[in-house]
Amino acid sequence: MDFYNHAANILSDLSKKKGSIKQLAFNSKKHDPKRTYALVCETLKYKPVLDEIIARSELLVLEKKLKENLARVLVHDLLMSKRGLSISNGPIKECILRHKTRLNAEFVKLKVKKGVKSHEELALKNPVSLPRWLRINTIKSTKDEVLQGLGLDKVSSIEELGPDKFYIDDCVENLIAIDPSFPIVENSLYKEGKVIIQDKASCFPAAVLAGLTGHVGDIIDGCAAPGNKTTHLAACFPKSHIFAFERDAKRVQTLRKMVGISGANNVTIEHQDFTLTDPKSDLYRNVTHILLDPSCSGSGIVSRQDYLLGNEQDVTEDTERLENLCSFQSTILKHALQFPNCRHVTYSTCSVHRLENEQVVCEVLSQEPDWKCNSLTKTLPNWKTRGIPEYCAQPSMAEGMIRCKPGAGGTIGFFVANLYHPQREQETFKMYKNDDDTKKRKRKKKKKEVKKKARIQGEE
């Protein structure tokens, strides 16, 4: 009985916005979290149906001590679970079984009324269906090997995806989409780290940096755990050394595991707060690129279960929490811009809020006038949705920003700003151009000397 009370309490906590389904289900070690999670999701999936059956049977009128959410989970398992009610004999079981005939009758009537044969047809449908994105880990594999290993048929759009189909993304290199029903976690490609499950939008920061021209030295990932973006950087820049910062001990372990699975041997994990590093340290003198994805509200994250919560889970962000997040985001971005040889920085969040996105970038750039937003042509031009000009200090800044709307284009809600230091970029260009010119002159001179030597030897 404790199990059903626990599930009912989670339903109550969800209505009070005390957490997500997953958080609440997996917080308790007393009950099987997977079983709890499944029952809560299934109950929510059929909530309108269960409520109608309970109302028409007058269950709560006749059993005044029975609470609404407990009635929902019990009636769900009585009518819809293959194993039925998993409950020992007692008052609650007797209470439900007393009304079994009436509940079953109302269930049958409802199916007839709706014109369906099975209860599955009565379930709530998810209006936002995201594909599962797989990043091909080029450290360990190739596109050809992965596609052959999946054994799926190619389609030309994510809308055409099905259990036996895949789609090659046209915006991010080495990224493919598959249907969520495909059992990828059981596939050897996933187990061996040859493919990494990573949302398309989450691939944008590293993809933006990879699309830039010019010299690339060392790279910093300032908020690295769980490691998807870090390992993406490692794959995009195999000749660069990557410093991956994470201050939380548990998340460091997650990061180490992810880096290990990916096979990235050009990553150094730094268990420390990135904002406490000394930008002028010799250790970071070769850093030219920085990727920042700091803590945020997560308001853009689309869970596959969000639709089950309906309007009950519409999030009105706590103003104080948002302000604290924005303060931290501004601090870490300002810190990143202090590295003396850094030329490119991407700042990203999985938030849809102006405060955490355009406002943070504009505020920091107003204090760091040597830094600018990059151009559209250097910021994944294939992705059409940019920053919001009205939110920017100068409308043109929006071109160097990327926005993703939750669910649109198969992504979560996301934001990326592509920042650069024009003077340092130009100086680096000149320096490496001069080096190239010097090398060319030396090669030319050497060729002349070789020819001259050969001619002299021929004359002798």
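From the backbone N, Cα and C atoms, a Cβ is placed for every residue, glycine too.
Of the residues Asp282, Asp293, Swiss-Prot puts just one in the S-adenosyl-L-methionine site with Cys223, Ala224, Ala225, Pro226, Gly227, Asn228, Lys229, Glu246, Asp273: Asp293. The two recorded residues Asp273 (S-adenosyl-L-methionine binding site) and Cys350 (active site, nucleophile) have their Cα atoms spaced 21 Å from each other.
Taking the Cβ of Lys229 (S-adenosyl-L-methionine binding site) as reference, residues of its chain lying under 8 Å away and at least six apart in sequence are, in sequence order, Ser202, Pro205, Ala206, Asp221, Leu291, Asp293. The Cβ neighbour count for Asp273 (S-adenosyl-L-methionine binding site), using a 10 Å radius and every protein chain shown, is 15.
Separating the Cα atoms of Cys223 (S-adenosyl-L-methionine binding site) and Cys350 (active site, nucleophile) is a whole-number distance of 13 Å. Taking a C-beta cut-off of under 8 angstroms and a sequence separation of 6 or more, Gly227 (S-adenosyl-L-methionine binding site) has the following same-chain neighbours: Ala244, Thr254, Leu255, Lys257, Met258, Val259, Ser262.
Ala225 (S-adenosyl-L-methionine binding site) is surrounded by 22 other CB atoms, counting those within 10 A of its CB over all protein chains shown.
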